[in-house]
Amino acid sequence: MNLRPMPATTVSAQARPTPKSVTVFCGAMPGRGTKYGQLAEGMGRAIARSKLRLVYGGARVGLMGTLANAALDSGGTVVGVIPESFTAIPEAAHHGLTELHVVHDMHQRKALMAELGDAFIALPGGVGTAEEFFEVLTWSHLGLHNKPCVLLNDNEYYRPLLSYIEHAAVEGFITPATRSRVIVCKDIEGAIAAIRSP
């Protein structure tokens, strides 16, 4: 990924290309109950049906594994990116993917996931998911890309995070332009439509 900032006027003037790949951030744990797994499964199927390539963190556990398996079972193309240290953990890496990129560390993982995706969607997850989303949002703020950044706020999962964003904006730490880059969707259909919006 070219990490040289572009002028903000250039980024804002760029038309978004029709996405061919979507990078999805989500938890390496399943979460409480079945609703999160069902959401990840639905997203995987929707991405495959939409003829989009799924890029994700390369694990076979938690929501990540559910997401990938659903896309694969629906005939989709799935690309995983995982740090080499994780490959030593039994059952961590998903070896049934279309492609699995093994990189040196977490920094390379995030950079390659960002480079390979034309859009970003965050499903429920923990601190790693939040970090990944905020990193690509920050890169958008800095003019490094013009890719849509979507929070899938199913069942108000991200309400506390959105409250933080609003509070930081009110207190002058997040600009209105950056706040507007956070695309909030309530369901899978809305998220897919959002990343395809010009």
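The backbone N, Cα and C atoms fix where each Cβ goes, glycine too.
Annotation note: E131 (substrate binding site) sits in a helical segment as assigned by DSSP. Here Swiss-Prot flags E91, R109, K110, G126, V127, G128, T129, A130, E131, E132, T138 as substrate binding site, drawing on similarity to another entry.
Classification of E91 (substrate binding site) by DSSP places it in coil, neither helical nor stranded. Comparing local CB density within 10 A for the binding-site residues E91, E131, the maximum falls on E131. Around the Cβ of T129 (substrate binding site), the number of neighbouring Cβ atoms within 10 Å comes to 20. Cβ contacts within 10 Å of T138 (substrate binding site), excluding its own Cβ and spanning all protein chains shown: 13. According to DSSP, K110 (substrate binding site) is assigned to a helical segment.
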